[in-house]
Amino acid sequence: KRKTEKKMEERKSDDPKDVRRKGKSKMQLKRNIGYFDGVSFIIGTIVGAGIFVSPTGVLKHSLLNVGVALMIWTASGLVSLMGSLCYAELGTALPFSGGEYSHIKRGLGSLPAFVFIWTSTVTKPASNAARALLFAEYATQPFYGICPAPEVVKKCLALAVLWSLGILNGRSVKMAAWVQTVFTLLKMMALSVIAVGGIVVLVGGRRENLARFEDAFSSEIPSASQVAEAFFQGLYAYGGWWSLNYMAEEMKNPSRNIPLTVMTAVPAVIVFYLLVNISYLTVLTPKEIVSSVAVAVTWADRVIPSVAWIIPLSVAVSIFGALNSSMFTLGRLSYAGSQSGHLPVLMSMLNVHSCTPAPAMIFSTTIASIFIIPSDLIMLTNYFGFSAWLMTGLTCASLIVLRYREPHLHRPYKVFLPVPFVMVAMSFFLVLAPIVWSPNMQYVYAFLFMLGSLIVYLPFIHFKLHFSFLDKITCHLQLLLEVSPADGSAEGKYE
């Protein structure tokens, strides 16, 4: 290791970008993400293809009842806002990379945190692979007309997009944040076109358009189980509100910016989602919305037929932005897990030129690439959906535990204490409900996979089994990738 560090110092001795020669003695993540970058990352993660392509789940399970559907969209947004406020307290009190992982480890201990990172190592890259394939679907379709694009072409483009974003996020945080801001602005412009277009049609006052809202609750009222199913669909559309905590260590003035960012981004998404759904319901009937393959495209054909092509383009832009932010956060999760000793030490190292977690980005991008090759693997990960809410419940439980166990921990922002209790109850309901209502063997397999983390945890984490040849591999990769251990190990900050 000493020889490796000496070689690294020799390589950097003539480098004008050497951080140590500039007087910055510490090798660590830099606070490059400001308020607007944070807002872009949250909005960009939440708003994917769903609101453009298929916002039909809520309406379908609401039995085409317009009033109930809009209430569920609002309620789903408010639950997401409550969750994000809980995360804001944890992010300001413990501003470290890793999101839920670092908070669960601090509040509940090492084993639950390891189960989280074990599960996320599969589910999150699979989600990125699915986004990349969906982007490729929309990006290639215009070149093939009514014919489906070849699978090989779509997979090659998906791999190219994954690795382009992986390299970008591994080389420059500022560049990744700039890309995220640009693509978030583009997708919000597209949503604004739909929202404003709907308002214009609604103000026009045609009787059939207004009737859907005057008698909003006139349709059949759904049962409790159907409302719950619709609620699931709404919450899925708001998924991604938790993303900011993964970059808390790189936020400028996190005590101020984390709560402010959350209180800006999530309400903005709620407002846009409601306006877009109202626009859809103004132009299309509930039956047309439910039967449409891509609602936004059908809407555009009715309202702006001359430039209807802008909607498929907007879908591709939206997916690209969501994929960029998701890859950024996943790299930080691997980085935090490595710092705590739950993943190989190489992934906690930073590039000596850019101070970015390049090995962690390479690792997460490689896993996502593997999922792209046999696409059916992505379908299996759908049964891990309950694990996301399980970890959300554990994170909010960590907040409650820390309130009582560490009452003197500095908390620049404190959420109203009943809120995390509500989120814990809501999370465990969302975990159990799909398993009870529609039991499936795939849920058993997913649960067994999570328990399988013990096979790795006991020998390698608890009993600290170590193989010396791994040190040699780490040294060679360290030289190849030009990475160095971060100064000031984060091991203690998660305890």
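Every residue gets a Cβ built from N, Cα and C, even glycine.
Note: TrEMBL annotation is automatic and uncurated.
Remember, predicted model here, so these are calculated numbers, not experimental data.
Annotated features, as they stand in TrEMBL:
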type	residues	note
REGION	1-23	region 'Disordered'
COMPBIAS	1-18	compositional bias 'Basic and acidic residues'
TRANSMEM	33-54	transmembrane segment
TRANSMEM	66-88	transmembrane segment
TRANSMEM	182-203	transmembrane segment
TRANSMEM	260-283	transmembrane segment
TRANSMEM	303-323	transmembrane segment
TRANSMEM	358-380	transmembrane segment
TRANSMEM	386-404	transmembrane segment
TRANSMEM	416-437	transmembrane segment
TRANSMEM	443-463	transmembrane segment
With the greatest number of Cβ pairs under 8 Å to the transmembrane segment (443-463), the stretch among 33-54, 182-203, 260-283, 386-404 is 386-404
Counting only residues at least 6 beyond its ends, the same-chain positions whose CB falls under 8 A of a CB in the transmembrane segment (386-404) are 83, 86-87, 89-90, 93, 100, 103-104, 106-108, 112, 116, 119-120, 123, 239, 242, 415, 417, 420-421, 423-424, 426-428, 430-431, 434-435, 443, 446, 450
The answer for the transmembrane segment (260-283), taking Cβ pairs under 8 Å and residues 6+ beyond its ends, is 35, 38-39, 42-43, 46-47, 51, 55, 66, 69-70, 73-74, 77-78, 80-81, 84-85, 87-88, 188, 191-192, 194-195, 197-199, 201-202, 209, 212-213, 237-238, 241, 244, 289, 295-296, 299, 302-303
Relative to the transmembrane segment (33-54), the stretch among 66-88, 303-323, 416-437 with the most Cβ pairs under 8 Å is 303-323
Given the transmembrane segment (303-323), its same-chain partners at Cβ distance under 8 Å and 6+ residues beyond its ends are 44-45, 47-49, 52-53, 128, 131-132, 134-135, 138-139, 141-142, 161-162, 165, 179-180, 183-184, 186-187, 190, 193, 197-198, 201, 240, 283, 294, 296-297
Beyond a gap of at least 6 residues from its ends, the CB atoms lying under 8 Å from the transmembrane segment (416-437) belong to 79, 82-83, 85-86, 225, 228, 232, 235, 385-386, 389-390, 392-393, 396-397, 399-400, 403, 443
